[in-house]
There are 2 protein chains.
Amino acid sequence: MEGGEGPETASAAAECGHQPLTPNDVKDLLHSVDAFLFDCDGVIWRGDVLIDGVRDTLDMLRSMGKKLVFVTNNSTKSRRQYAKKFHSLGITVTEDEIFSSSFAAAMFLKVNDFPKEKKVYVIGGEGILDELELAGFVGLGGPEDGKKTVELEANCLFEHDKSVGAVVVGLDPYINYYKLQYGTLCIRENPGCLFIATNRDAVGHMTDLQEWPGAGCMVAAICGSTQREPIVVGKPSTFMMKFLLKKFNVSTSRMCMVGDRLDTDILFGQNAGCRTLLVLSGVTNLSTLEDSSNHIRPDYYTSKLSDIKKLVLE
Amino acid sequence: MEGGEGPETASAAAECGHQPLTPNDVKDLLHSVDAFLFDCDGVIWRGDVLIDGVRDTLDMLRSMGKKLVFVTNNSTKSRRQYAKKFHSLGITVTEDEIFSSSFAAAMFLKVNDFPKEKKVYVIGGEGILDELELAGFVGLGGPEDGKKTVELEANCLFEHDKSVGAVVVGLDPYINYYKLQYGTLCIRENPGCLFIATNRDAVGHMTDLQEWPGAGCMVAAICGSTQREPIVVGKPSTFMMKFLLKKFNVSTSRMCMVGDRLDTDILFGQNAGCRTLLVLSGVTNLSTLEDSSNHIRPDYYTSKLSDIKKLVLE
């Protein structure tokens, strides 16, 4: 991306108020930023494949004393599972450096003193159930409801657990009518039941070759049947930021959020008061960024994370 | 309902601008209305059980020369299947008197000259596929995709038919990730692909004992993944009204819409310029009607359809 765009693109970019990352920008960023926040899918990896040059770039940033934090909306894994994934790709990351939306859902319940005797119904993956358990909560649903079917006989009564006090909805490739009815009944009939969305991403790269419906699809389905709006704990909500600040003791003005999505990553960074860098190695391409319908403008953009290391050396 | 509410309720009702049906209202309605439009579920039947007194009331209206029309958002059946259901409950209704949202979806494509060589992907029941076929269109999906699963292997490519020019979404108790991805890909990747919702009812009485997620749930899911809004052909959209007017040659001011839902039936009646009568034998109860958050006010309300016959005799 860097330097290869030609005058027309550079001019369009300038009109939009963002600019391709230059060696001077990188110098400035490295000088004024103490912590880099990274989205994972589309920035660090695509599916299960590490993006070219990521490992060396992260090593360089660590060697410069920068704090590295990984903030992902993907709720299918727990923090522990994420740390394992990083390790399998040859990158050392501790669980403490990972802030996933599955963890955010559990932390939301914790900071809001969700009663331990209440249960949490999960539409989503194992990662949410794991984080709930680690935080001391009882989850139900999740993958084990993926094969359940419903009986639509006239006199059949669909029973749900009256002690469910929260429904957490994340990405769920095993979504079915059983889960939709279960979550809907809890939210509608259990007094005070919370409706928490890990995130509302419309689509995600569930496979390398194409996008698939994201958590925003399942969350919208529950909105559609309950006529309720959820509390969103993942990006672009800044709910996670207070944990991050407590853990890392860095002001948000000295953070840079690096992501591949405008409406989650870049908006999250802007909402929190961070610098923002869009990488074009994920779901957003240059034409989307520069389209007149887009009003989310990162401070900088570049083709991929490793451009930071490349530009330092220029 | 009639006469038994006491002064407090009557006063609350008067403030809301609607009133419980009285013998004089019925006289006036029978004098000024030539066609009665009925919702089915919650008005004519609940599930598979006819509501008390409906048959005699319909007979009385027919004997008075009133036109009877049945307008239902339920897309799971075709008009032919609905006529059979009426017959099984001892009521003679012709297919021509039935306007279902499955029929509306097919008619929408017909009046918009949808090319016959294009296909229609269906998230919903057999009723939609039947109506599409009767209108000369090729449908795919529907029930046969209910047991399909997805392979989320890294290199797996989910293929969809590039000749799909419309996706019709209705109530689908067999909703799954396969259908959500199929519909999403068609809408996103097939140029000009239409996104048609039979209706957006949040819930419906899929069984006698409780409500279940309605078509609004599946439609919202597709909105969530495509970031597109659908064309709605069922109530409260008045799309069906032009067919109705053509068929029955009655002005809308001489029609009365009778339904159990405020946001579909009563709104549809009001949008079309009809009189409106809410019956409390379905999803709406008196407290919902009189709640300050409700802004949809029928001209009249009563407990059930047979009150019309009862009040005539008073």
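Each residue, glycine too, has its Cβ placed from N, Cα and C.
Please treat TrEMBL annotations as automatic predictions, because they have not gone through curation.
Quick look at what TrEMBL annotates:
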| type | residues | note |
| --- | --- | --- |
| ACT_SITE | A:ASP39 | active site, nucleophile |
| ACT_SITE | A:ASP41 | active site, proton donor |
| BINDING | A:ASP39, A:ASP41, A:ASP260 | Mg(2+) binding site |
| BINDING | A:LYS235 | substrate binding site |
Other C-beta atoms that fall within 10 angstroms of the C-beta of A:ASP39 (active site, nucleophile): 25
Among A:ASP41, A:ASP260 [recorded positions], residue with fewest other Cβ within 10 Å: A:ASP41
Residues near A:LYS235 (substrate binding site) in space but at least six apart in sequence (CB under 8 A): A:ASP39, A:VAL71, A:ASN73, A:SER101, A:ASN199, A:GLY259, A:ARG261, A:THR264, A:ASP265, A:LEU267, A:PHE268
Shell of the Mg(2+) site beyond A:ASP39, A:ASP41, A:ASP260, same chain only (C-beta within 8 angstroms of their C-beta centre): A:PHE38, A:CYS40, A:GLY42, A:VAL43, A:ILE44, A:THR72, A:GLY259, A:ARG261, A:ASP265, A:VAL279, A:GLY282, A:VAL283
Rounded Cα separation (Å) that holds between A:ASP260 (Mg(2+) binding site) and the residue listed as 'active site, proton donor': 8
Structural state of the residue listed as 'active site, proton donor', classified by DSSP into three states: strand
